[in-house]
Amino acid sequence: MSSSSSKPNTETYQPNWHIRAITAPGPDSDLSLHVAFDNARFLFGCGEGTQRAFTQKRLTMRGLSGIFIGSGESRGRAGLAGVLMTAADAGIPKVDIIGPPDVSQYLATLRSSVVRDALNVQMHAYPRTASAGEPIEMFKSPNITVRAIALTPSSSASASSSAPSASLSYPPYDPQSPSFRPTRLSPTDTQTWCDRVVSDMFQTGSQVRSFRRATSPPRSPTRPINPLVNPDGTVNAARPDTRMPLPLPSGEDVETQMVYICQAPDVRGKFDVNKANALGVPKGPLRGTLTRGESIEVDDSSVEGGKRTVKPEDCLVGGGPGSVLMVVNCTEVTLSSLIANKAVEEYQELKSQPESKPARHVHVVVHRVPKSVWQTSEYQAWMAAFGETTQHLIADPSDSPEHTVFNSAAWNTLQLSLLDSQIFTPPYLSSPETTTATLPPNTSFLVQCSYCRMHPPSPVSVLPPHEKDVPFRITSSEGGAAREKIRHDMPEYAQACDVAQEAVKADPRSTTPLAPLPGDDIVVTTLGTGSAIPSKYRNVSATHLSVPGVGGILLDCGEGTLGQLRRRYGRDGVKKIWEQLRMIFISHMHADHHLGLNALLEDRFKYGVTTPLFIVAPPFIALNMQESASWQHHAPSQEALENIIYININRLGFRIENRGYEEQVASQSNETVEGGSLEYFEHATMEDGKRGAKRWPFVNVHGFSANVNRDHWTNVNRLLRDLELKSIWAPTVQHRGRAYGLALEHSSGWKVVYSGDTKPCDSLVEVGKDATLLIHEATLEDDKPEVAAVKGHSTFSQAIDIGKRMNARHILLNHFSQRYPKLPKLPAPPPPPAPTSDTTVDQSTATTIPPVVSISFDFMSIRISDMWKMSYYMDPLSMLFAEVEEEGEGEDGVLGAVEGDVNPTLDKKGGKAGVGKAAGAAKAKPMPGQAEEGKKSKRSMKKEAARAANKANGVEGQVEKRAGSPGLVEPEAKRRSTEGAALTTDVI
């Protein structure tokens, strides 16, 4: 258990604290409750998008001390990895993670992509050895003591094929043993091992352990060695190895819900001088003794013995028990466990209590419970038992009123829709249903910014939003009126939109379209167009292709992709997306490209979609999927799981055409790998399935044995056949760590190429020859080529140059640095020549036609044949999004929030604190190219960028005078505050 080594200073410590809802359950969020003391902060719930919500809501992570996970469901903890990495990068030194029994196991499944050496992460999983419903003190600090109760479902409700049998035998816990295998561990030993894995992931063990260590010594000729043991004899628990998977958590683990009882220290009263004088307490040290909560004796000749005892409460006024917060997570299958729990009754004033121990008053109870629970008379009676003065907040994850969390992106897209409502579709709200349920007294529904001061205690209220976080509450039926209001409030921008639209109409392609070419009807929807960490305006990587006659293809899926899909398409639209989705491609193991995958698979199963879905990804993605229980738990059948078909991207490094590979399979020998023969590990994997430690995949997908080769090429051929592909090719590209691009060539003639994350790369040019569409990352500006090279990324002009070299017809740029959250500084390319009366295109002369180049925004859906319009839209876009970056936005938005906090009590001296050694080191050691960049004037850098861009667009020598973004006329123009611009009303 966690406890502070130092006691609170009782002379100065005051437990002033409050709670605030950062997010409420919704389409792209879950409950995230911020509990703030003067000198520490805690987070209850950490769903997808939590780190982005901190930026949107203008909140700080500074002082974050603990994160409490509410259940075994993925929805409430899928944002944990992102928050931890952001905290580490911000210089936060230590975070405690408290949660259900499998919380360490969940975080350990991310060991291949979530690694930081600047953060001390202490895990506190509810112990497997605890009795059912037993209250356990899980966390203790000077601010707060937290007891936890794990609510488990009945055995019938949690029945799962992954549940281990009670008759299983387990070997002794010995991680250094040659026969050690995590899937053979007992549940208690698994918890111990996963704690160690997380410790090594964040380098908090006794030794620094990196999986870049030297390889293990040669294997034994008689048995495999343990690949987790280093040459020096230490164990590298965090090393991801497909031969050493973690066991699959049980169905009971997934269904487990947590109750947290948070008790602040008792409040010391204020010293009353008049009472002290009346009681004869002399001035001096004795009064300090009373203030510290200790009794004293004073001289009094009127009492026997001449000494009278004075207690602290005799001279202190206004003190009393510290406030209590209870956070309840409960579902239908755990409701009976909650109602029957005796530990909770200690806090219910209307339940019979021993006279010697009256119930402790609870100031606020936050209920994360579905409608099917809180509407029952049984649950409402349980709520009422806390007494009329306890306040209740209900956060319904199943039927919450619809609201928008990321308002800046929503307003941004609405304003873009004035330019082209077909390309830019705002994330409109549907009309939310209002509940007529009868609730107990002092009960309300939790919403964003629900707030309650715990000490001094106050009623629950709702804080007004920040001026930069105007709520977006517009439905689709109100969209037209909203755009008219934008037109009225932003006349210059509206006029620029009109000019651009007239230019589009005047283009011959609007009246006499060119003869359609293969792929022209593909619709590209950019769900996430930012890099590294999400910002207010751009989520991390995800791009959806809708291919008529084929289906959907998803290229990468960072954290929050499910929420972006829900916002873009709505409930009915998402179901259609799942029904038509054929393939998900993961380019590499960086977290911003894949953390959203399991949530997508789980949601797809919840809609009842079980059709075949190909996952083309690195092997560690398959390892993570194998070890993750939540998405598998929601599969309606084994057939549904079998239809999740994994293809190892490592084996697609050459052009694979749509023809049989039986001859290749037959030629494969029974290979061996470090650690023993592949048959050994295949056999071990089969045994894992029998023991309930593994479920998916049902065949071995790792290695190169004859069985693996056969299954791999069978699945590749099936992918080519089902999607009618002529070929597939996933070349290795140049990035930090192993990364892949993708080229898909269809039998109808179109070819789509995706870069993933990469520097300019010849291998991508080779596979992308004559591409219909190149989707290429353009992370950095043209004046930062050195920074791009160090980070393994491309500049705008470099990305365009790659497209020109491969003779791509269309280039879509994405993955922009969050330092430029709205519009990359990219001059608009000249429009291609107008079509002639001959509407056919001679492919032999295609090299003389410049590519159509477009930038991308979140929620943008554009048909390939319409991409030429974007060149006309650059001027109004530039007017809307000037270059000057607002405070708190961009790549430093979340990190900057750490520095931007104004709470002086978090600092030793009352001023602004630094953000730790990591941040200090980053400031002291700039990236290559930054020093030289600082020597140049802003004007000279702009001219150089313009020349480079003009050269890329074939207009070398024509340097347009620009003072910022393309199309800006005013030399001193600055970015306008756009979310809500003049739209300050809630509903138009």
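A Cβ is built for glycine as well, from the same backbone N, Cα and C atoms used for every other residue.
Heads up, TrEMBL stuff is auto-annotated, nobody curated it.
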Quick one: which of 155-188, 291-324 does TrEMBL have down as region 'Disordered'? 155-188
Grab the pLDDT values for the domain 'Metallo-beta-lactamase' (729-816) and give me their mean, rounded. 95
What else in the chain is close to the compositional bias 'Polar residues' (176-188), if you only count residues 6 or more beyond its ends and a Cβ gap under 8 Å? 101, 128-129, 164, 170, 220, 223-226, 228-229, 233, 235, 244-247, 684, 688, 691, 693-694
For the domain 'Metallo-beta-lactamase' (729-816), what are the DSSP-based totals of helix, strand and coil residues? 23 helix, 27 strand, 38 coil
Under the DSSP assignment, what numbers of helix, strand and coil residues are found in the compositional bias 'Polar residues' (176-188)? 5 helix, 0 strand, 8 coil
